[in-house]
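To start, the structure itself, in structure tokens.
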Amino acid sequence: MMVAMKITDVIKIIDAAMMLLLLALMAAISTASADEQTYIVRMDKTKIPNTYSSLVSSTKPWHQAVLDSLIDVSSTEATPPELLYSYETALFGFAARLSSKQLESLKNMDGFMSAVPNKMLSLHTTRSPLFLGLTGMKGEKGPWSGSNLHSDVIIGVVDSGIWPEHVSFQDHGLSPVPERWKGACENGTRFSPSNCNKKLIGARYFYGGYIAAGGKINDTEEYKSARDVSGHGTHTASTAGGDIVENANIFGLANGTATGMRYTARIAAYKVCWPGCTSVDILTAMVKAIEDGVDVLTLSLGSESEAVPYWQDYLVIASYLAFKSGIFVAFSAGNSGPDAYTVVNTAPWIMTVAASTMDRSFVAIIELGNGETFEGSSFYTGKALKGLPIVYGKTAGDLGAEYCLPGSIDPKLVKGKIVICEQGIVRRTEKGEAVKSAGGAGILILSPEGEDLASEVHVLPDIFLGAIASKAVIKYWNTTKAPTASIVFKGTMYGNQAPKVAAFSSRGPNLVGPDVIKPDITAPGVDILAAWPAETSPSRLKSDKRRVLFNIISGTSMSCPHVSGIAALIKSKHKDWSPAAIKSALMTTAYTLDNKGKPIADLAFYTSAAPFAIGSGHVDPIKATDPGLIYNITAEDYISYLCSLHYSDSQVSMFEEGYQCTPTERRMQPGDLNYPSFAMNFKQKARNVTFTYKRTVTNVGIPKSTYKVSVEVPKGVSVIVSPKVLSFTELNEELSYEVSFTGLSRNKTVAGSSFGSLVWVSGNYRVRSPIAVSWK
């Protein structure tokens, strides 16, 4: 208990200190008035010509005329409005830095629709193709075979840029760049059009929003160009569409053939993340990607969980505009799990991707001095640590030593010893750097919850333990006068029970649209090997002088490009399918049993994973190319859905300018959206309350086929489906059914939510939709 109280005190003290430091840094880097802020401004296109015709000229476009008109209303001391970006295609408006007085004047202008503040967001393989069933290489049968490979599908990667010289982006054997492509490879620091080829066909960069938010770019370290220095964008781009590379590995680990999910796809990189990413830069990149002509957009980034209405989120709006243009959009679900209501990027036209494990691990075994042994994970490949003393907290250093914070470790106390470090406050690799610089022999990192063993590349011998083992280690340390431990590093192991949903993966329910289950699906996101920049260390520490061609990292950032690449694979086979059709195919064919035939496990709670953790299940690219039935959704359907959320006409007009919801749309239930899953939300005493939803499915399998329904009924409700049989006579035929959910008398066996499924079965086809029932 004494140790726990000291740790709590440390957290409070350090959190307070970090907050003061953050505030000081914000004050230091902000060169503009505190009264000024960057906004994304939406204007009514139909009213602009009449309002500003006298001010617009060949040298002064409309958006500059709008901003110039604000100067007169500003005080003499105010900074003139600063234009960052203008938008005239997918949406109409601009991004600009404005004072509060300028903003108020703008709001009074004819044609003004909205102004949303800029916000900071964060960035959230050799084995995965085999694990996903894409085992065929060139020339073999399957989605990677024959004419399927010769496609011109373009994947837009909105991230931290790309390392263009990497072997994963070579263009051997590819046909010329598609004529429809309108993108460009922009000049910048250490980047020119010559860095692009028939694989990497576009590269742009956007930093106006980041600079306006007070950020700074060191051009000698960060590169003011599309060139990637963090590694994140290079990793995600190669996961989605990187070329085949033999003998890919890191320090000999995970050795095999690395390839993107759609390895013949073209890639367009849009760099929006510097030390930080802003909504203004991301929006601008997405609009430009739409104009350029991408087929798939993959974004492994997002904000912290917050209930912002869809009409106030410009990434949601841009995603809708992309969907309307025929572009499949996938976002990562976030890494804020395992708490409920943490999933982000939840609009129904977005594919929201959770993260799970594969059947590969990187095993290290720790043996405590009392003989207890536990399995953990490590990427270290050197000699074992044998019988070394272990130190922790006050026996390792000063305030913050429990977390191995830089400067907290005492070299006199840790030299030649294994140091225990708790997670939190700084990155795990920084903890290892602190221990190594103090002379420690190794680091033992404890997990506070769950059995998630997603490791990182450290600069010294390390082991990462799950919560059960972590508690045992602390118990041993607390009860032993001179604790010791040995660590053996086993390297790459295969055949683990998988998949299992990662503890860090963000969870539903969906705060903004509770009538839609989020996340939608899960995919490999733990210990993923993919391409890495040639000048960035695998630990991303400046003190680490090692360089690698491939690196292993984890997160929903890694699972998202898996699904994006598979979407490109489906797009190449079904060129006429809408983004909603591709999304439906991915969701309804996802599986919920692991490679041992057991329900997919949740590493956070030691239970079976629920739809609020994995959505429809784990992606299955083979079955998704031939789903049997699809649930299609049009842009008009999504607008009707927004009307059913009781958004005002002006709010819906953020998606479709000038739109007015009809009385019929106002009477619709949000659950009437033709989505491939069902979410019911009952009030606490909702006995005999019934929700009835209609769904329409399209036959894309066998022309003459009959499907029968099978329902796994969630606890606390009754379910009636009508009709129970759907008989199709031709391809692309549409048939509808209704499903009614009636709340029954709840009892203590029913928790806050219960789950089930609705499956249409015909021969080898199983078209599955998860059901989530919640009581508020």
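Glycine too: its Cβ is placed from the backbone N, Cα and C atoms.
What TrEMBL says about this protein:
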type	residues	note
ACT_SITE	D159	active site, charge relay system
ACT_SITE	H232	active site, charge relay system
ACT_SITE	S557	active site, charge relay system
DOMAIN	38-124	domain 'Inhibitor I9'
DOMAIN	151-595	domain 'Peptidase S8/S53'
DOMAIN	389-465	domain 'PA'
DOMAIN	672-773	domain 'Subtilisin-like protease fibronectin type-III'
SIGNAL	1-34	signal peptide
Average pLDDT across the domain 'Inhibitor I9' (38-124)?
78
If one measures from the C-alpha of S557 (active site, charge relay system) to the C-alpha of H232 (active site, charge relay system), what distance in angstrom results, rounded to a whole number?
8
List the Cα distance (Å, whole number) between D159 (active site, charge relay system) and H232 (active site, charge relay system).
7
Looking at Cβ-Cβ distances, which residues of the chain lie under 8 angstroms from H232 (active site, charge relay system) while being 6 or more apart from it?
L123, D159, S160, C273, S300, I553, S557
How many other Cβ atoms sit within 10 Å of the Cβ of D159 (active site, charge relay system)?
29
On the DSSP side of things, how many residues of the domain 'Subtilisin-like protease fibronectin type-III' (672-773) fall into helix, strand and coil, could you say?
1 helix, 62 strand, 39 coil
